[in-house]
Amino acid sequence: MLLPMDNSSNIALSTAIESCKYHPYYLAGDTIWRIGSLLCFLLGIPGHIMIILIMCNSRCRRQPICLYFATIGFFEMFYLIIVFWLWCASFSLVPDPRDVLTCGIYYSLTAGSSNVSTLLLAAASIDRLLIVVYPSLYSTFVTRKKAILKIIVIILFVCILVVQYYFSYYFSYSYYMCEYYSYAHLSHGQMWPLIRLALLAFIPCLIICVCSLVILKNRYYRRPSTTSETTGTRHMRTASLLLVIYSIYYTLSVMPLSILQFFHPYFFNDNTTRQASEINCVKFSQWKLLMKFCMLLMAINYSNKFFVHYLVSMQFRRYVMNIFKKATFIAERNNTRSRSIEGSSGV
């Protein structure tokens, strides 16, 4: 379906875009986004708060791996907050974040938080590999100070890379979406998707998967000598297998958004429709659907991190159970006190 577009009139363009919003692809994307993003926020935020609290307690924060996961939890929670902001904006409850923050800041925050999360998970996977494969030597390479240094370097590295968003994007009120400036067509439209896919998605995900496979192989070929060790080994094998499955799932949820950027010219640089002064509603609606689907994949990935930690780590499960036991005990104690006070006042 092609709709006429008058380039000299923003009103005509806005009317054409409004008509495209009734396309089945656009409506499907809106429906999926409004349901999925809210569920991701409601599940993800409490889970990440729990992860950060556990990873930052007096015992866990001494372990380098826990520092990675606490930082990852913070950035992924930030991503989910932006997702919730977009959800509210889809119902016109609040202004669109791309309009309030500008597109440059918006993309720097969303892309930056996801990139930091991926790189930190890759760094944590390498440290975990050293701990498992070289148990007698890992303390030399895996320390708390080195983990903090890696976290700082990764955050600074991503900040330097994503600052270009601020100079490349602007908010198009006609399309009601972010577009990059004409002078950034080569750098952002062609070069940056390749850099982002290779450096911030493919290589980190490859590291995560390889480290998980090596750990699984190490656990599988370790021979227990006692019954207690056999029980522990079985748990470690199960946890390692879950890590491999999660690594593959993580890769499949992170890569699509980076791959989709390669096809931006296909959806928006249609020379035929540009010369004919038309908007291709099919391509426009498909782009909206794919963007929302890819962002939702990442949001789903980030929202279930609590369950991944709970399934993989026995120590994490103990901390969670202790928190719930303490909360239940405090609630019961408060109820007992209130009852005793009521009884004494009644006497």
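Positions of Cβ are set from backbone N, Cα and C atoms, glycine also.
Heads up, TrEMBL stuff is auto-annotated, nobody curated it.
Taken from TrEMBL, the feature domain 'G-protein coupled receptors family 1 profile' covers 47-309.
As annotated by TrEMBL, transmembrane segment applies to 32-55 (among others).
Marked as transmembrane segment by TrEMBL: 67-93 (among others). Outside the transmembrane segment (67-93) by six or more residues, the chain places 30, 33-34, 37-38, 40-41, 44-45, 48-49, 51-52, 55-56, 61, 106, 109-110, 113-114, 116-117, 120-121, 123-124, 127, 144, 147-148, 151, 295, 298-299, 302-303, 305, 309 with a CB less than 8 A from a CB of the stretch.
Sequence-distant contacts of the transmembrane segment (105-126) (same chain, six or more residues past either end, CB-CB distance under 8 Å): 65, 68-69, 71-72, 75-76, 78-79, 82, 97-98, 147, 150-151, 154-155, 157-159, 161-163, 165-166, 169, 178, 196, 200-201, 203-205, 207-208, 211-212, 247, 250, 254, 257, 298, 302. The annotation transmembrane segment is assigned in TrEMBL to 105-126 (among others).
If you look up TrEMBL, you'll see 147-167 (among others) marked as transmembrane segment.
Annotation source TrEMBL lists transmembrane segment at 194-216 (among others).
Here the transmembrane segment (241-263) has long-range neighbours at 114, 118, 121, 125, 192-194, 196-197, 200-202, 205, 208-209, 211-213, 215-216, 290-291, 293-295, 297-298, 300-301, 308, 311-312, meaning same-chain residues at least 6 beyond its ends whose C-beta is under 8 angstroms from one of its own. Marked as transmembrane segment by TrEMBL: 241-263 (among others).
Annotation comment: TrEMBL describes 289-312 (among others) as transmembrane segment.
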Top Cβ-contact partner of the transmembrane segment (32-55) among 147-167, 194-216, 289-312 (pairs under 8 Å): 289-312
For the domain 'G-protein coupled receptors family 1 profile' (47-309), mean pLDDT (0 to 100): 84
